[in-house]
Amino acid sequence: MSPPSSTSSPICSLTPILTTTHLPAMRFNLHRCSSHFPSLLFKLNHPHLLPLSPPPPISSIRFTSFPFFAPHHRFFSHPPSSLPKLSSSSSSPDLTHFIRRAAVSATVSETDQDCASVTGTSQKGRIYHETYGCQMNINDMEIVLSIMKSAGYTDVVEAPESAEVIFINTCAIRDNAEQRVWQRLNYFWFLKRHWKSNVAIGRSQSLRPPKVVVLGCMAERLKDKILDADKMVDVVCGPDAYRDLPRLLEEVDYGQKGINTLLSLEETYADINPVRISSNSVTAFVSVMRGCNNMCSFCIVPFTRGRERSRPVESIVREVGELWKEGVKEIMLLGQNVNSYNDNSEVEDVEAGSNWKLSNGFLSRCKVKNVGLRFADLLDRLSVEFPEMRFRYTSPHPKDFPDELLYVMRDRYNICNYIHLPAQSGSTTVLERMRRGYTREAYLDLVHKIRDIIPDVGISSDFICGFCGETEEEHEDTLSLTKAVGYDMAYMFAYSMREKTHAHRNFVDDVPENVKQRRLAELIEAFRESTGQCFDSQIGTVQLVLVEGPNKRAPETELMGKSDRGHRVSFSILPLSHTVDDDGKRDPKAGDYVEVRILRSTRASLFGEAIVRTNLSTFYKPDEDLVSFSQS
C-alpha cells in the first residue's frame, strides 16, 4: 500500500459514529477557547442511558487493528434538565458544526475555563518535544511536527510545563539511552498526575493535563511495558506510524490508549516537508532511506525501524532545493544504512542481485531484488544541481562502498572528504559473531583503497567493547586496528544486550561490566592518540570553513564552523573581503564560507586566522574538463 498523500485529510475520529445506524446517548462538549458558543450538551436519538458498543468494521480506516472504541462499554449521560435552551430566533449551529469542533470529554472544569482565556493558545494544544539518539530521530521529530501542524497543532513551546501534548522521541540502541527516557517519563507523569496542584502553585501553565506521547525505536521495542507503566503514557507510536498521530491523540479523549507500532515496507514520508527545529540553521538533515537489512547480531534497528526502503531521487532533490532557498548551505543525508540507497521506483523488475556491487571482500546477507538508482547516483545528481551546497552523509555500512561511490566523492568538491566507516571490532572472530560480513583484513583493505582514491579523506568509526565472548586478545585486536587506521573521530560504547536480536537468542552476555568499562577506557585512550595526530596534521593548512555561528566559549569575539573533514574550527571575528563579490569588508556571519589558516590544535578542535570570504566553487577551482556544474 502506497503512503497517503500529505494533502489528504486525516480520518475523522467520528467516522464510526456517522456510519452507525444506531446512535447511543452521547455528550459533546465544545472547548471554550476555540468557539463563541457555550458548553453544549445534547443527546442523539435516545433520552435514556445506553452503553456505547464497538462500531462495526469500517474498511476506510487505515489501521484496522486499532479499533475506534475499546471492547468494554462506556457510558455517556447527563440529566435532561442540564440541557441549555437555544432561542428559536438564534442562528443555531447544525450537527456538522459540532461533529467537526466538539471533543468528547468530561465537562470543562473551573480551572480549564480560567486557563482557556489565555490568548494565542493553539486550539488543539501546545506541543513540547524532546529527542534522544541519532540524527535520524531528529529528522523524524521534524516530520512529526509537520504532520501535527497540518492537523492543527500549530504552537510549539520550550518547556513541558506549558504544553498540552508532550512528545519524547526515543532511542533503543543502548540501555543507557532507555534509562534516560524512563527518567523523563517519570517527570512527565508527575506533570500529568498532579496537574491541578502544579497549576495552583505556578509550576505548570498547561491548560489541561498533558498527553504524553512516546515515539521512535523504544516505542516499537517496549510498547506493552510503556503502556502498562502506571498510566504514565497516553500514546505509543512507532517510526512508521507518525501519520496516525492525530487520530491516536483523539483516541485519548475517549479514555483509550493510542497505540500504533506497525512497521511498513513502503513508508518513507517522502511527501512531507519537515518543520525544521532549528529554523535559522545553515545546516539541515534530509532522510533519504529508512530501515536496515543487515541484521547484525548486536543491533535492534531492523526490528524497530523495519526493512530498507528508499525515497525517490526526485523527492530528495525537491526537498534540498527548498532548503537551498531557505539559506541552508550544508546537507547531511541520513539513513540507517545510507549508502545502500536504492531508488527502484521507476525501474522494472530485474534479476535478484544483478549489478549490485559491494565493497571488495564484503558479503551481504540480503539479496537485492530490484536494482535502481544507487547512492552514487544520488550524490552525483545533488552535487551537480547545487554546486554551492556541501553534502555529508551518515550512517553507512562498509560493505556498500563500490568504486563508483568513491570516485564520485573524489570528483565532486562539494561532497565532503569525510567517511564514517563503522568497524565495531578489530577482531575477525568477533566480527563473525557480530555477523558483519567482513574480516579485519577486508576492512583494512577498504581503508587503504579509500585513501588511495581520496587522499585527504577523514575517517571516523563506531566500536563496541565487551561483545559476547570477547577475549583479551580480541580486545587487543581492536586497539591495534585504531592505531593502524588513524581515525579522525569515533563513537565508542560498552556492549548492552538488546532483546529480539540474534545475540540475545544465541549468545550470552558473559563479559563482566567492570571488564567492559576497563576495555572502553583503554579504547578511548588509544583514540586520543589517533585523533590527536589527525588534528595536529592540519596545522599550517588552509581550510574552507562553513560558519555556523558564534563560538559558545567566546560568543563576542569568535566564530565557529566545520571544515570539509568535519573538524570543528574557531577563529577571531574581523572584517573580511570576498574573493569574488565586491561587497566590501564585513564581519563573517553564519552561512559564509571562510578560508582559515590553521594555527593550533587542541586535539579535539582547531583554531586559526580568517583570511577571506569566498564561495565553495571558487575555493576548490575544479577542473572544468573533469566536472561540469550548472547553477540550479
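Numbers here mean position along the shown chain, with the first residue as 1.
Keep in mind that glycine also has a Cβ here, set from the backbone N, Cα and C atoms.
Per TrEMBL, these features apply:
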DOMAIN    125-254  domain 'MTTase N-terminal'
DOMAIN    278-533  domain 'Radical SAM core'
DOMAIN    536-612  domain 'TRAM'
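For the domain 'TRAM' (536-612), DSSP puts the residue distribution at 1 helix, 38 strand, 38 coil. Look at the domain 'MTTase N-terminal' (125-254): DSSP puts its residues at 66 helix, 21 strand, 43 coil. Mean predicted confidence for the domain 'MTTase N-terminal' (125-254): the pLDDT average there is 90.
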